[in-house]
Amino acid sequence: MELTRVFVILAQCVWPLWTQVIPLSDMYGTIKSPNFPEPYPKETDLQWNITVPDGYQIRLYFMHFDIEPSYLCEYDYLKVYSDIEELAVFCGREKTDTERVPASDIILSPGNVLSVAFRSDFSNEERYFGFEAHFSAIDVDECRDRNDEDLVCDHFCHNYIGGFYCSCRFGFLLHSDNRTCKVECNKNVYTERSGEITSADFPKAYPKSSECKYSIELEEGFQVSLEFDDTFDIEDHPEVSCPYDFIKIQAGEKEFGPFCGEKSPGKIQTGSNIVNILFHSDNSGENLGWKLTYTSTGPECSPPTPLLNGQLEPLQPIYIFRDHITLTCDPGYLLRQGDEEFEHYQIECLRDGKWSSGVPLCKKKESQRRSRSLLSILTNQILS
Ligand SMILES: [Ca+2]
Ligand SMILES: [Ca+2]
Ligand SMILES: [Ca+2]
């Protein structure tokens, strides 16, 4: 008897060749051993392959189980697989040290396929009755179960039966990957002579999957300088230069960067009045981003000589392109230029490093002289 069993076990090495495969694609169903509830036949080799749609997994449980017991279930058995992974092997009527019965266990498939294989050897003399099992498709709660960063929703996850979807916080847009949340950040134009620019959400982690463009656009004649804060954190790679996220600066013919990592680029003299800052982020990682302050310089005008019986405002050690000075006289005096007298007068530093006009003098008031607005004069002078 035992010898025969050994022979049969050897013969099982080619077992898969004779397996009868039964495909099942319903959302629920029953699997029974042949002849159930009568005893199962000998030399049975059956495999049920259950497939449910993506977004579902399969729940399998047993209502009845009675298969010939044997050491490690070598003779008759029921095996449960998911793809090629073996999830369980059952035989017997009761659990022992070496054999397992399903009892009230519920088997869950990791994915959307599950296979159940039933095999009986050449004998069933004690008339075991076999098994009856039920399966059903159940929803995968992707919002709860996904641990892989590449699959998890960036902001919010919404589960539904058969699938899930992602959404973003106010102010963000869902990227075409349907997972990450990007920002629209292409139209940032700075025209002030100085200012501050930061990555979106700084100092919180910057948005993923975004292409941001910041343009500093000053009048020709200015030169922009940038200074990055020491707090600088852009995702990098130990060997490859900035493969994921980076900041790049383009100023006239010059390019600076790409920059990434935790070392601030510090100060950059661009030498240009137009500076474009490009910031690219990929679809993963949590990094804090960057902040920079920009300033500008331009051609200098030499400070005018102090005004006798009057004031110049503002008083600065250096005046550059587009700086203005307002001239006012002490009480009892008026500014006089040629035949005209003014209450106030304004001069502007021009691109060529010269003032828009000469500085009038403060003269004692003569009652009937005509005054006129300095601004209209000034405007005419600039336009001419
Ligand atoms: Ca048997
Ligand atoms: Ca779902
Ligand atoms: Ca990144």
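Along the chain as shown, the residues are counted starting at 1.
From the backbone N, Cα and C atoms, a Cβ is placed for every residue, glycine too.
Just so you know, TrEMBL annotations are computer predictions that nobody has curated.
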Disulfide-linked residue for C212, taking TrEMBL as the record, within C185, C242: C185
Disulfide-bonded residues compared (C185, C212) - highest count of Cβ atoms within 10 Å: C212
Mean predicted confidence [pLDDT] for the domain 'Sushi' (299-364): 91
